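**Q** For 57-338, the entry in TrEMBL reads domain 'G-protein coupled receptors family 1 profile'. Positions annotated as region 'Disordered' by TrEMBL: 383-403. Positions annotated as transmembrane segment by TrEMBL: 44-65, 86-110, 125-146, 167-187, 217-238, 277-297.
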Amino acid sequence: MSSLLSNHLNNSTATYHITTSSNLSWNSSQDGFLPPQAHYGKTVAVPAIMFCVGVVGNLAALLILTFKPSKDSRPLQMRSTAFYHLVKALAIMDLFGIVASSPVTMVVYAQGGVLKTGGMPLCDYFSFILVMAGNATVFIVLVMGIERFLVTEFPFQYSKLVTPFTVNMSIAVVWLSSVLIAILPIVGMGRNVERYPNTWCFFDDRGTDVGGQLLSYFYAIIGLLSIAITIVLNLIVIQHLWRMRRSRLSTSIKLKDSSPEATRKRFHYRLDSETRMVIFLMAIIVVFTVCYAPWMFRILVNQKYNTGPSKVPETEDYIDMWALRLASLNQILDPWVYIISRVTCCSSRKLSDRSYTSEIKKKTNASPVQQLLIRNEHVDNDTLSLTQQPPDQPKATNLDRLV
């Protein structure tokens, strides 16, 4: 009797282990049974926070650009007009990408998966938005780099090359090319698939078909080339600004004993403007590269090493998820980089103008009309000293108005 009971208990225990193992295996394939560290990324809090911060930042940038784009609206200031127009296009594209994808992501988290929520049409929509918004951001930043390069290296040809028509056409080409690339998986070049943790879709960068491979390499190489060209162009602009700063610094030293205090303050203000512009460009380079380059490299790695019928380790899926979130972070950081630079620039400009006005009042007890004439005289002397630079020194441009 005891041996029979013992055999019954052993059989029951074995059955329990088999059932438990079977349930864990099913959960692994259906509900995403993951190691503890993977559950850290599977939370709706991350996309919710990114959505709120991104919407607030981009709306604030658009309000600043719309109502206070620049105090100087003269026709000769097409430089700042083009720059602000491109920044506004970037903010609109970033805002569109966030609004079109983040709410869907939060709904998908609640439902438990993209395919479970809306099937393949929702998956195609999700992939289309991510690819289009990502490409548009990369291309617009590239166009901004080209515009800054032209304003520094070809100042005399700039007004002919950069017009409202060419700026609008560049933005239209960016949108059109981004849409065409995003629609390729839908029309048959590759395919869109649900990605870990089943809350987003992207084209299959691990596929073995020729169309999918071509799309993966094309997307990643175009993205990395755009990043590289943007870095090179911005570094050229930074070098030009640094040379200009050194030139003006030497000129400021020469004026130390021979020019009025107000004129010297104007020189120091221009030096501060160029320094802020260098910091702004360096911030754009760092944010842009850190956010987008890892995702492009992940696509190349997946296509090179993670293709085929063999199951990819969950760690690779986990890395892909955070690489995409890092790329999405660029759409959130872009407006804040601009807002911080704008606030810093405006604060410094107000301090400079106040010190300049107070200096004039100290120098003379003249009437307001006479003070205006004195101010104009100082500005004319300042401008004349700038235009009389030696031939080997870089010519001054209005780059401080770009920020």
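Keep in mind that glycine also has a Cβ here, set from the backbone N, Cα and C atoms.
TrEMBL entries are annotated by machine, without manual review.
Remember, it's a predicted structure, so these values are computed and weren't measured experimentally.
Show me how these features fit into the shown structure, please.
**A** The domain 'G-protein coupled receptors family 1 profile' (57-338) scores a mean pLDDT of 82 in the predicted structure.
For the transmembrane segment (86-110), same-chain residues at least 6 beyond its ends with a Cβ under 8 Å from one of its own Cβ atoms are 43-44, 47-48, 50-51, 54-55, 58-59, 61-62, 65-66, 117, 122, 125-126, 129-130, 132-134, 136-137, 140-141, 143-144, 147, 167, 171, 174-175, 198-200, 328, 331-332, 334-335, 338.
Among residues of the same chain six or more beyond the transmembrane segment (125-146), those with a C-beta under 8 A of the stretch's C-beta atoms are 83, 86-87, 89-90, 93-94, 96-97, 100-101, 104, 114, 118, 170-171, 174-175, 177-179, 181-183, 185-186, 192, 200-203, 219, 222-223, 226-227, 229-230, 233-234, 237, 284, 288, 292, 295, 324, 327, 330-331, 334.
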**Q** Could you tell me what the rest of the chain brings near the transmembrane segment (167-187), counting residues at least six beyond its ends with Cβ under 8 Å?
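**A** Non-local partners: 82, 85-86, 89, 93, 124, 127-129, 131-133, 135-136, 139-140, 143, 147, 203-204, 215, 218-219, 222.
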